[in-house]
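According to TrEMBL:
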| type | residues | note |
| --- | --- | --- |
| DOMAIN | 255-387 | domain 'GGDEF' |
| TRANSMEM | 6-27 | transmembrane segment |
| TRANSMEM | 39-60 | transmembrane segment |
| TRANSMEM | 72-91 | transmembrane segment |
| TRANSMEM | 98-118 | transmembrane segment |
| TRANSMEM | 124-144 | transmembrane segment |
| TRANSMEM | 153-175 | transmembrane segment |
| TRANSMEM | 195-216 | transmembrane segment |
Amino acid sequence: MLLLDPFTLFISNALLHLALMLALAIISRLAPDILAIRLWMRGHGLMALAIVLMAVMALLSPEARPPLKLLIGGLLMSALLLMLAGLRHFFGLRPLPLALRVGYVLALLGLAGLMQWSPDVPLAGVWQASVLIVLLLGCGHVLWRQRGHLRPIVLLACLASLGGMTLGLCGRLSLLVYSIFLGEQGLQWRQLSDVLGLMVAMIGGISMAMSFWLLISDRMLHTLRRMAEEDPLTGVLNRRGFQRATARMLANQPGRVAVLMLDVDHFKRINDNYGHAAGDQVLRCMGDALRDALLASDIFARLGGEEFCVVLGELDERNAEAIGERIRQRFQRKTGLLSQAEGCTLSIGMAMGTPPVDSLAELMARADLALYHSKAEGRDQLSVYADG
């Protein structure tokens, strides 16, 4: 049988959590606006402190251990509570709502009461393991609720990490309960539960830190991609994002599509008369009108200047034309609220086709011709491209 030196095991485990805390501290310096990272860092710090106290407790006599046990239990619960709070804040939720605070206080009171009432029976250990399991399930619940904002591989990795820790703590809880039933003969099972708890703290600490880094990396990649593919002024796709989105759409949804080219009328006059700040307001109104009139699955982008493009899939000409008119009316309504946008209207050209017979570039060129026709006919209208 392999004999483990408890002191060495405790200290190595504490050093591991300290290293994870320092790594998160470095990331926190790089991203100071993300409070969740600082909460996770403090959680690992409390975990390291709790494990150091476990090492100290192993050197003390049994009579001197109860106060230290209570402190260690409180630190472990506080550490996991901070990690749950960080996860909630990461997804824009309140880090510590009233229910969590009340539950935390009750958990501490329950731990202290059980240690006072039954110091020789590990009821406090059962209570502590149960509280930690509830906190882990809370972390899993937050992740599951936010699954729409995570890539599947990141979600699965994080849930697997939490699931492994939860199963480990359930194993520790089972061993503690079994040792209580055995009475004095359950000492061996109690020691085994302590070893299992340490393994959960060590392996779980690594897996949770990896989960946090996956979440942070996924968020940063999403931010970088958004910066590369989104127009910062209007919040819609830029030309690069438009090309990627349309390529993905045409690959996944082959069929008849409608392409609409949109151009703000008299935009240069607004810039010349009122300045570029007024022009920027008009462009923001355009972005808002597109978001109001279209679905999230539709593709709409600012190609440059005051020119925008919309691609609609699986629609007939009548419905596509109705959507174009809705965009024009929404834009007119929004710019009508501006004091420096007189005569600001929207001209639209539309073309229908079936890729790959009709390429997207060809459809955009046809929609451009229809747009020129709208301009020539007096602006503020929608024209549909017709062959010949």
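Each residue's number is its place along the chain shown, starting with 1.
Here the Cβ of each residue, glycine as well, is placed from N, Cα and C on the backbone.
TrEMBL annotations: computationally assigned, not manually curated.
Using a cut-off of 8 Å between Cβ atoms, the transmembrane segment (6-27) and the transmembrane segment (195-216) share at least three residue pairs, counting only pairs 6 or more apart in sequence. For the domain 'GGDEF' (255-387), the DSSP counts in helix, strand and coil order read 62 helix, 32 strand, 39 coil. Through the fold, the transmembrane segment (153-175) approaches residues 126, 129-130, 132-133, 136-137, 139-140, 143-144, 147, 189-190, 192-193, 196-197, 199-200, 203-204, 207-208, 210-211, 214-215, 218 of its own chain, all at least 6 residues removed from its boundaries and within a Cβ separation under 8 Å.
Between the transmembrane segment (124-144) and the listed ranges 39-60, 72-91, 195-216, the one holding the most Cβ pairs under 8 Å is 72-91. Tertiary proximity for the transmembrane segment (72-91) is limited to same-chain residues at least six positions away from its ends with a CB under 8 Å from its CB atoms, namely 34-40, 42-47, 49-50, 53-54, 57, 100, 104, 107-108, 111, 115, 124, 128, 131-132, 135-136, 138-139, 142-143, 145-146, 149, 208, 212, 215, 219.
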